[in-house]
Amino acid sequence: MVLSQRQRDELNRAIADYLRSNGYEEAYSTFKKEAELDVNEELDKKYAGLLEKKWTSVIRLQKKVMELESKLNEAKEEITLGGPIAQKRDPKEWIPRPPEKYALSGHRSPVTRVIFHPVFSVMVSASEDATIKVWDYETGDFERTLKGHTDSVQDISFDQTGKLLASCSADMTIKLWDFQGFECIRTMHGHDHNVSSVAIMPNGDHIVSASRDKTIKMWEVATGYCVKTFTGHREWVRMVRPNQDGTLIASCSNDQTVRVWVVASKECKAELREHEHVVECISWAPESAHPTILEATGSESKKSGKPGPFLLSGSRDKTIKMWDVSIGMCLMTLVGHDNWVRGMLVHPGGKFILSCADDKTLRIWDYKNKRCMKTLSAHEHFVTSLDFHKNAPYVVTGSVDQTVKVWECSSHKCSALALCVNVCCSHLEGRSAALHHLDMLEMCLCRATCVLLTLVGVVFSISGVPKVNHTEFCQGRTMHWALAWNFYDDVTVLSPPSKETKLEKSRKPLSFMLLQSQASSIG
């Protein structure tokens, strides 16, 4: 690449400034002379540090190019498989798909936590603006605001019935809300510093909380009294979460450890140490995930016949770790986030891990193969929290950008539809058969140089059968297609005799009833 005279002059002056500012006086004088710069002329201040800025910007751009190439390869893989098809049949395969369904604004400060209601079609968000907001995730409507805390609301938790909501705050209190009447029914005092985490125990009789005062406390719901205090962490306790049967609680801390406690005895069952920075978040793996975890890790607990329990932890060291609590061992470490990990959970179906971080992304991990299978640019600022609905195809995220986003999910398995059509296949027009099954089609591209069919309508006389247009030709290729469940054919497409013929025929729309099929085989 040849530089213009102006570009060359700017580069020379930037190099001269770099040499001078770093003390290379002899090299500076020689270069200034050989570059024919005025020896007596003072360099313009606009060139100060320009070379370093250019260098670092090139590195940033290179990283961005690599990220975009990765996303492009991901998109090409989807296209090769037949394109993304929105399937909602198998909950085990649900993963969030961009773009978000709703971006909800209303908070005046960063969102700290988002959770779904266990029964109703609402979700709740907590914020540093000291409020809790209720939203309808199906319509995107704002429902109401719960006010009572006087400082940042750090965490929220529903009981299993959804009738009670617990919240904790930097105002050093824990509040219990009647979610049917939206009233605060109890305020609990006892921590000596910011209360960073709260969770209602599975039995609904107790609440557990964690604080910057280095303690974990258990409270009685009926009376609001503190009945137990767990001590052992040496720094701020960031999060506390009970396991599914409520016999254990896990906590994580600024002391870079994860601890697992026996509720009945207050004994520390395990102290898990491998993170290299503050541990921000923890999450128990549901029992539905245990078979996949055992298959992926070959955990020692498999031999004892008592799998798990398994625990996830996310840290400021940018990693996610999975632990077998029964043996106190780290089973795997997932690396991929570019900043602090702020939240993660095991997919309700047990096959994936979802995580969010200060790199502004939401990531889906195939932990069986220990790889990040999808990355979503979720927010314009740090992503602080996420939740996955247990029964509906929705994920919700909260961010420092003060928004809450709702993401609709579909199956990650894109069952391709055989959509290759012969350019001279007008004799097939009108042929149809009874519908076998067809999911909503977004787009199918059999191959980049092959036939492109796009969805232009979604009816016929049967709901869900799309009408497609034949918009491009397959020249000199053999393909398989399925127009009906009892009709398959094999055709070699000849190149059109002339450009005019191709244009004339491509304008003619061909409508078909399409059946779900395997990816087209192209020879």
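Just so it is clear, glycine is given a Cβ too, placed from its N, Cα and C backbone atoms.
Going by TrEMBL, these are the annotated features:
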DOMAIN    5-39  domain 'PAC1-like LisH-like dimerisation'
REPEAT    104-145  repeat 'WD'
REPEAT    146-187  repeat 'WD'
REPEAT    188-229  repeat 'WD'
REPEAT    230-271  repeat 'WD'
REPEAT    308-333  repeat 'WD'
REPEAT    334-375  repeat 'WD'
REPEAT    376-417  repeat 'WD'
Number of helical, extended and coil residues in the repeat 'WD' (188-229), per DSSP:
0 helix, 24 strand, 18 coil
Considering every residue in the repeat 'WD' (308-333), what is the mean pLDDT value?
95
Ranked by Cβ pairs within a distance under 8 Å of the repeat 'WD' (104-145), the first of 188-229, 230-271, 308-333, 334-375, 376-417 is 376-417
Within the domain 'PAC1-like LisH-like dimerisation' (5-39), how many residues are helix, strand or coil going by DSSP?
27 helix, 0 strand, 8 coil
Report, as numbers and ranges, which residues of the same chain sit near the repeat 'WD' (308-333): CB under 8 Å and 6 or more residues beyond its ends.
243-244, 248, 250, 252, 256, 258, 260, 269-272, 274-285, 287, 289-290, 293, 296-297, 299-301, 339-346, 353, 355, 357, 365, 367, 370
List, by number or range, the same-chain residues at least 6 past the domain 'PAC1-like LisH-like dimerisation' (5-39) whose CB is under 8 A from its CB atoms?
47-52, 54
Please spell out the DSSP helix, strand and coil residue counts for the repeat 'WD' (146-187).
0 helix, 25 strand, 17 coil
By DSSP assignment, list the helix, strand and coil residue numbers for the repeat 'WD' (308-333), in that order.
0 helix, 17 strand, 9 coil
